[in-house]
Amino acid sequence: MKLIRSFVLREKRDVFLSVLFGFLAGMGAVALFANSGYLISRAAIEPPLYVLTVTIALLKLFSFTRGLSRYGERLYSHRATFTMLSSVRTHFFRQIAPLAPRITHRFQSGDLLSRIVGDVESLQNYFLRVFYPPVVMAAVFTATIAFTVFFSPAAAALLVGGVLLAGWILPAIYRGRQQRASAGIREARGKLSTDAAEFFYGYQDLKLFQKLDDKEEELLEAADSYVGKQRKAAGSRLAGLTWNQSTAFLISWLVLVTGVVMTANGTLDGIYLAMLMMISLTVFENAVPMAQYPSYAEESRQAAARLDEAIEEEQQEQPQRSGTALKRADVPIRFDAVQFTYPGEVRPVIKDVSFTLPAGSRTAVVGASGSGKSTLAQLMLGIYLPEQGTVSYGNVSTGALDETTIWPHVNAQLQEQHFFAATVRDNLFAEEADDADLQQVLEQVRLGYLSLDTLLEERAANLSGGERRRLGTARLLLRQKPVWILDEPAASVDAATAAEVGAEIEHASAGSTFFLISHDLSGLEAMDQILVMEEGRLVESGTYQELMRRQGSFYQMKLVEAEVVA
Ligand SMILES: Nc1ncnc2c1ncn2[C@@H]1O[C@H](COP(=O)(O)OP(=O)(O)OP(=O)(O)O)[C@@H](O)[C@H]1O
């Protein structure tokens, strides 16, 4: 909330103008109606023409003042709001973007989207309905009461009582209720977004496994829960509004009664009675927004808390990085007694792993599914930091580096790659390359039959699994990098095509530090070293020939592979 307040206060000029015009609009309204009341009473006793002329001219002046000031208030308050929203959105996005992909493991995509869009959007009410209306209300009431005291201290006292009740006491009572009524409303929206996203992503599988009805029911329950919570919050907001209005009318009625009594006993000139009545009716217009104050204050607090939660929890989970830049990556990459557990998990998935990738060497990592191979790649990219031990480039550990400075040195093809709903050309991420180069790269990955203008669907759903993998490889072939990290580039690719594309990769990566994660044990003879992972431990390492001679885990794996092939 502190941060949101600081974003609002940055717009000092607009904040000042909103309050100023809000005050002028409020005073304009009070003066307009007071003047009307006075005019009606005065006209009844046939005053000289000049009195009517002046009063009518004032009426016009006040109505212009009111209209123009209200316009100014709306203009500057909305400008301050939208500028603040854009600052919050940019700030939130800047904070959250570097946390990817870690953040996407912690928060589901639907929930994250609901925070980025919905929660940020809710903060628009913070300035408009929480921050400045109390200031305007206090200023308008103070000025009006000072004016009223002059005619009737009793009516002024009633107004003071009314403003305390409508502007402070009732909203304070409603604040607690509103907190209860709107508790969990944002979480319910997050859950609904998550369920909806899951429903659409998993639609095909849900259909195939006949689970569509169950999931639909869950989705409807989430929708009902969200609507129910919204209804409760809106009910509470309306109740607050009703009490606020009732108080305003009651006070106006009391002002009328007091005025009548005072006029009857001669302590008030009857000509001012209608004016006092109109003042009372109008001045409470400014207290109406206060009825919604608790609801919007609570909504803003919850939205800000959810945004903080997304950023802070994730930042706290991660060890602090000192953020220096990696200047060169053509250096040995070392794992020293590395232990690693994923955030929020208890089971270490990498246990006391040490190895070195000499600059320009070629290494393959093999091992059973879940043995920690992909995690090694994530640690090497600095996406995660080891819990114990170090991963270092030359003499610099990844903990001392800003991880984003590692990535420009690396050609990485991780297990999951994202493809955008755009052309093949756009998905190759090589704006500076000309079409002939791009087409040539497509040939190299045996996708020459695709046109650069072919439109890919979201997540490249119109390509086969193997085609997606090879399109991912094509991205790397367009960039010369000193380090290559490949996590099963041949997954879902037939053996013959995989061998051909493998040869292209080998050629393109010659001289680079090459780190290949593979389930395929063939073609590893040319590697400088092979690392064998088992349940998070490095159980064997050496050249192909050494490992075969040793007849350990790698040898056993080869035997199993040979049996399966046979
Ligand atoms: N984001 C994550 N959060 C928590 N645990 C994870 C995460 N990613 C992987 N794991 C766990 O870490 C272990 C190692 O996973 P990893 O992906 O490194 O294995 P792998 O050897 O690459 O497997 P595969 O060959 O199937 O790709 C697994 O037990 C997995 O369940």
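Placed from the backbone N, Cα and C atoms, the Cβ positions cover glycine too.
As recorded in TrEMBL, the features of this protein are as follows:
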- 16-285: domain 'ABC transmembrane type-1' (DOMAIN)
- 333-560: domain 'ABC transporter' (DOMAIN)
- 49-69: transmembrane segment (TRANSMEM)
- 130-150: transmembrane segment (TRANSMEM)
- 156-174: transmembrane segment (TRANSMEM)
- 247-264: transmembrane segment (TRANSMEM)
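With pairs at least 6 apart in sequence, the transmembrane segment (49-69) and the transmembrane segment (130-150) have fewer than 3 Cβ pairs within the 8 Å limit; the two do not touch. Remote same-chain partners of the transmembrane segment (156-174), defined as residues 6 or more beyond its termini with a Cβ less than 8 Å from a stretch Cβ, comprise 134, 137-138, 141, 144-145, 148-149, 236, 239-240, 243-244, 247-248, 250-251, 254-255, 258, 279-280, 283-284, 287, 290-291, 293-295. Mean model confidence of the domain 'ABC transporter' (333-560) amounts to 93 (pLDDT, 0 to 100 scale).
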